[in-house]
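Here is the structure we will look at, set down as structure tokens.
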Amino acid sequence: MKCCRIMFVLLGLWFVFGLSVPGGRTEAASLRANDAPIVLLHGFTGWGREEMFGFKYWGGVRGDIEQWLNDNGYRTYTLAVGPLSSNWDRACEAYAQLVGGTVDYGAAHAAKHGHARFGRTYPGLLPELKRGGRIHIIAHSQGGQTARMLVSLLENGSQEEREYAKAHNVSLSPLFEGGHHFVLSVTTIATPHDGTTLVNMVDFTDRFFDLQKAVLEAAAVASNVPYTSQVYDFKLDQWGLRRQPGESFDHYFERLKRSPVWTSTDTARYDLSVSGAEKLNQWVQASPNTYYLSFSTERTYRGALTGNHYPELGMNAFSAVVCAPFLGSYRNPTLGIDDRWLENDGIVNTVSMNGPKRGSSDRIVPYDGTLKKGVWNDMGTYNVDHLEIIGVDPNPSFDIRAFYLRLAEQLASLRP
């Protein structure tokens, strides 16, 4: 019964945050400008291919996007990083999953935030990246923030980690050394580059009910229930949210309540807030070596009398009833949240999607038929909600298969 309640809370939160082309090859591989593999990177509360009873985050009720792309000659892989974790932690996990090895969150970072330095060990989806090669990252929602941070760490490393390693005579992950240029392109889909005001709704809810703590406690309990991780893996090992061998439940729960995670800014919730996103934007900048593409989504209309935005018919029910009305009416002059922030896709404000602006010096340019490096190529806005763009929520008028195959074809045409 407890497992059922946990999964109900989880699925509800996933809806809050985010949450035809015939078969055969779309073009001859010999005509492509690059053969870099595609890597799919999920958003907040996302999951891997082996979780959720095989229900795919990338494809959902519409099918399997990874399989579609592979069947059409585009080598594609799916990452599975922490669904509730910060972008820093997720970027470190993505790196280890790509090249292989043990996740290293950084000695300085771990000491600062009070969690373990090392995480799980992975064989590596593309270990050859250590010797060269490039990849394309297609990221949904928070995954776009994570991808941007990964590129920044790969190329620039972390000065703080380098100085800490030298001062304390500890090892340094290659990720923090910098000088790695293996991401050819980053495509963000419905990403809250400037945050989402939905976090403000959660903050308001916390006045009456500590939602974040409830979720993390549920995650901790679920992580200790047999077989639960096979259905949904919270991947919060770095926070010690796993019961130790021989540890009584009472002792475990007391230790859980004392965890620094409850007040930490090293979480997805902070990174997805407007202030958290702005802080990230101040140091994570577009690389001149990488192409950046941004796709925006919206599923609301503007009310003539109020000026607020309301959900269109067809938006998934949870977002339409719970989230979109708040997003479509929330204004906060102190934060600079005005009428431009009201249009949304049920989870994220559309104005936040075409690239980082608050605290950022990145340039955003409309796509004119030629993709450019080092700037954000704004690919336009699609009339789909946050879940329809990845197939989790069906939309018969949106050809999701054609969308991703066309995108893969564009990425294959990029000159390294």
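Cβ coordinates come from backbone N, Cα and C, glycine included.
Worth saying up front: this structure is predicted, and the values here are computed from it rather than measured.
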Identity of the Ca(2+)-site residue among G303, G307, G314 (reference: D385, E388, D393, P394, source: Swiss-Prot): G314
Neighbours of G314, D385, E388, D393, P394 excl. site residues, C-beta within 8 Å of centre, Ca(2+): R299, M315, N316, V384, L387, N395, F398
Pairwise CA distance, S141 (active site, nucleophile) versus D393 (Ca(2+) binding site), rounded so that it is a whole Å: 15
H386 (active site, charge relay system) versus recorded positions D345, D393, P394 - nearest by Cα: D345
Distance, D345 (active site, charge relay system) to G314 (Ca(2+) binding site) (CA atoms, angstrom): 11
